[in-house]
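Notes follow the structure.
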Amino acid sequence: MSLVTRYAQKAMEKIAPLRLAEKWDNVGLLLETPVPRPNATRVLLTIDLTPSVLEEALEPSTALVVSYHPTIFRPLSSLTLSNPLQASLLKLAAAGVSVYSPHTALDSVHGGINDWLAQCAGVPENSTLSDHSFDVRRGRVGRLLSLQDPVSIEELVGRIKKHLHVEYVDVGRPVLPRRVSTIAICAGSGGSVLGGFDADVYFTGEMAHHEVQAAVAAGRYVILCGHTNTERGYLPLLASKLSSAFAAFASEDESQEGSESLGSLSTTSGSSVALTEKEKETLKNVQVFVSKADRHPLERM
C-alpha cells in the first residue's frame with residue numbers, strides 16, 4: 001500500500017469514523033492496487049466513479065480515489081470488463097490507483113454531510129440542530145432542524161437552492177399551506193430514514209413515489225433536490241479537511257516520541273513507527289482535488 005493511501009485512510013478515519021456507517025453499508029478501502037504508483041501524491045474526491053471520473057483518476061499523479069458512494073456494494077460473482085463499474089475498478093487497480101469509500105459514515109458524523117445540509121435550511125443563530133431521534137449514540141444518518149422563527153416554504157426552498165447551487169427542486173405540498181419550523185433532513189435517499197418522523201418538512205435528495213404521497217397526506221411538505229445534489233457540495237469541505245490532515249502528518253513535532261501521534265503508524269505489535277523526512281516530504285506534497293467530471297446523472301430539459 002502506498003504511503004499516501006495509508007495516511008489517507010488514517011485521515012478519513014478521523015474525519016468520518018467507519019464505526020458510524022450503517023450496518024448494511026460497505027465502507028473503507030474497497031480496492032487496493034497491487035502496484036501502487038511510487039511517486040503519486042494526488043487524491044481525487046468524487047461522489048461516483050463514472051467513466052468520466054475514471055479518466056481523471058488515471059492521470060499519472062493519482063494515488064487514491066475517495067468515492068463517496070461505494071464502488072463495490074453487493075457481493076461480486078465476477079469481475080469483468082463487460083460491466084462499466086467493474087471495468088473501471090480493474091483499470092484503476094492495473095494503473096496503480098486504490099479506492100476508498102466513506103458513504104454513511106460521512107453522513108452520520110458531526111460536521112458531516114447532514115450537518116452541512118442543515119446549514120442551508122436555517123441560520124445558526126436562530127435555529128437548533130439535533131439528531132436525538134435518529135439515535136445520537138451513533139451519529140446516525142438524519143438530522144432534525146428546529147427554527148425559532150417559522151418561515152414560508154418559499155423562503156426555505158430559496159435557501160436550499162442557493163446553498164446547493166441548483167435551479168430547481170421538487171416540492172410536495174399538503175392540502176393546507178402553513179409556515180414551517182421543523183425540518184427532517186437526510187442526504188441522498190431519505191425515505192426509509194424520514195418516513196413517519198414528526199416534522200413539518202422532509203428535506204432529502206429522493207424518495208419513492210408512495211413515500212412522498214404518504215408524507216404529503218400526513219400534512220407535511222417534501223423537498224427533493226436530486227440524490228447526489230444533496231451530497232456533492234460537501235466535497236470541497238472534505239478536500240479541505242483531508243488537506244489539513246496531510247499537512248498535520250507532515251509537520252508533526254518530532255519530539256513526540258513514545259506516543260502514537262498523527263505522523264506515525266502502529267505496527268502489528270502495537271508500537272509506533274515515526275515518519276522519515278522523505279515520507280514527511282511526500283505527505284507535504286499531497287494534493288486533494290474534487291472531480292470536475294463528477295455530476296448529477298440527470299438533467300432537466
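Including glycine, each Cβ sits where the backbone N, Cα and C put it.
Residues or ranges marked as divalent metal cation binding site by TrEMBL: His69, Asp107, His227, Glu231. The compositional bias 'Low complexity' annotation in TrEMBL covers 258-272. Taken from TrEMBL, the feature region 'Disordered' covers 257-278.
Everything TrEMBL records as a feature, shown here on the structure.
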| residue | record | Cβ neighbours (10 Å) |
| --- | --- | --- |
| His69 | divalent metal cation binding site | 17 |
| Asp107 | divalent metal cation binding site | 30 |
| His227 | divalent metal cation binding site | 21 |
| Glu231 | divalent metal cation binding site | 25 |
Hey, for the divalent metal cation site built from His69, Asp107, His227, Glu231, who else sits with CB inside 8 A of the CB center?
Ile47, Tyr68, His103, Ile113, Ala187, Gly188, Ser189, Gly205, Thr228, Thr230
